[in-house]
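As given in Swiss-Prot:
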CARBOHYD  N177  N-linked glycosylation site
ACT_SITE  Y223  active site
BINDING   H255, H256, H326  Cu(2+) A binding site
ACT_SITE  H405  active site
BINDING   H405, H407, M480  Cu(2+) B binding site
CARBOHYD  N559  N-linked glycosylation site
REGION    585-610  region 'Disordered'
Amino acid sequence: MQVPSPSVREAASMYGTAVAVFLVILVAALQGSAPAESPFPFHIPLDPEGTLELSWNISYAQETIYFQLLVRELKAGVLFGMSDRGELENADLVVLWTDRDGAYFGDAWSDQKGQVHLDSQQDYQLLRAQRTPEGLYLLFKRPFGTCDPNDYLIEDGTVHLVYGFLEEPLRSLESINTSGLHTGLQRVQLLKPSIPKPALPADTRTMEIRAPDVLIPGQQTTYWCYVTELPDGFPRHHIVMYEPIVTEGNEALVHHMEVFQCAAEFETIPHFSGPCDSKMKPQRLNFCRHVLAAWALGAKAFYYPEEAGLAFGGPGSSRFLRLEVHYHNPLVITGRRDSSGIRLYYTAALRRFDAGIMELGLAYTPVMAIPPQETAFVLTGYCTDKCTQLALPASGIHIFASQLHTHLTGRKVVTVLARDGRETEIVNRDNHYSPHFQEIRMLKKVVSVQPGDVLITSCTYNTEDRRLATVGGFGILEEMCVNYVHYYPQTQLELCKSAVDPGFLHKYFRLVNRFNSEEVCTCPQASVPEQFASVPWNSFNREVLKALYGFAPISMHCNRSSAVRFQGEWNRQPLPEIVSRLEEPTPHCPASQAQSPAGPTVLNISGGKG
């Protein structure tokens, strides 16, 4: 390392010693969270060209992430970091930059105008810089939380990673403005759970559900649907694991994939391979909604608990499967063919329990709505104590995975378990949720739900760009608030959701009419969306709607797998009484690290190690 000033020389000397120590203890520090064959088990391409590739591992004991960034073609430097929604403004960054004299690595941040500043608290610590035939490798680490106001708090949910390329040497770091750079974003879950892999049964077999040599369309976004079928007479099996198969060279284009089983009520489903929004798509494909497997960029293999498996095949189960592949092609690359898909691992030796999937949250109904121009409007759905008392077995159920779901305006989703009126634990939470990144996530800890418990699912929405109210429903411009929880043992309870009582919503429309000069159409022939569309969205009408959702009785959907409600009275039910709420977690501030550099690290990246 070449050091241009005494202050930086002193920091670099201390730091050089620390680097040697870190490299010796790195594998030990990560032991238990990485397979023996790789200290960096998680990988994603950051940019469509494959110039930047990120690998990482997690030390939960140290509350630290170790990153390895491969820069295949380095010009004058790169930016990498995180931000709330993937913007380059107000971003937490680490920057490799060059001037006429040398190269530097430093912790930085950007302000609301995209101007980059060196961070006074250097929380990204460089451990190694090495040139190889593949490119430049940068190994560095970062605590989950730093308590630095300019830093991003790394949490369990979605993280929006950002990157940018520097084309020419700089006079100084402060001369960077992100608005003039070639930049991009990638979404990923960084904090993967550290769960031991269960052993697979001796009779495990595999089945590949793959796209049939698809010519990826030359457009930015494509959802491709492909229908295939199980062999005739395929008996009942348990899926015990699945993993992605991504065609080599397409790693940056295949964004996520799902395998759905079709409804058993149809004896046949027409074969189809084409865009999911094609007018040629058979209508029956809309009834292929039962999720067997789901994968998103950055995820690895999904294992079921040793005591449970997901049943498919046999009597009462459809032979037809639908593969859906989301191609993300921002550079509009043409001529690329793809056969990506999902490999299912299954066994004929059925495990003790069938795994089930239950829907929590809000019913798909327009009575739940978000006013326009809202930055953080919250809607909440309930799975009530009355429903769980009636529908769950005496021994309860065990939730081991979860898939959160909203449409385009969703920003946060959380499901909380409450018992005896007190919130006790988080089932799943994503404070940076994106509707463009949905995956089934293993829970770090299995959540046990007992009869009489309450499951509360809340979604936060942003409708700043909308002129009319956004109502609940199936359409992509309508909204949902759902948590698909994966659990065992399977029960008859498939859907446990709520919505405000329609009669109380009608009272809201009458109240709006009484206190506003503009008349809201409440005539019998007017639909709920039409009535919401005629509401003048002043502060009074917004606050009253918010209050209504917070106290009005609810209509409960406590449904069997046959879509029929369990016997009982489910309309005009009181909201569950919650007397104690969980406190928001307080970020842990790591102790001041004497080995952290006081300023940027100076590198020699012409070859060898820095």
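Positions of Cβ are set from backbone N, Cα and C atoms, glycine also.
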Position of peak Cβ density within 10 Å, selected from the glycosylation sites N177, N559: N559
Suppose the Cu(2+) B site is H405, H407, M480. Which further residues of the same chain have a Cβ inside 8 angstroms of that site's Cβ centroid? T406, G410, P435, E479, C481, V482
The correct three-state DSSP answer for N177 (N-linked glycosylation site) is strand
Within 10 Å of H405 (active site), Cα to Cα, which of the recorded positions N177, Y223, H326, M480 are there? M480
Around the Cu(2+) A site formed by H255, H256, H326, list the extra residues of the same chain whose Cβ is within 8 Å of the site's Cβ centroid. V254, M257, A296, L297, V325, Y327, H328, H436, F437
Rounded to a whole number of Å, the separation of the Cα atoms of N177 (N-linked glycosylation site) and H407 (Cu(2+) B binding site) comes to 33
Neighbourhood of H407 (Cu(2+) B binding site), C-beta criterion under 8 angstroms, separation at least six: P435, G475, I476, L477, E478, E479, M480
Given the recorded positions H256, H405, which one's Cβ is surrounded by the fewest other Cβ atoms within 10 Å? H405
Whole-number Å value for how far H256 (Cu(2+) A binding site) lies from Y223 (active site) (Cα to Cα): 10
Might you list, by sequence position, any residue in that chain lying six or more from H255 (Cu(2+) A binding site) with a Cβ less than 8 Å away from its Cβ? A296, L297, H326, Y327, H328, H436
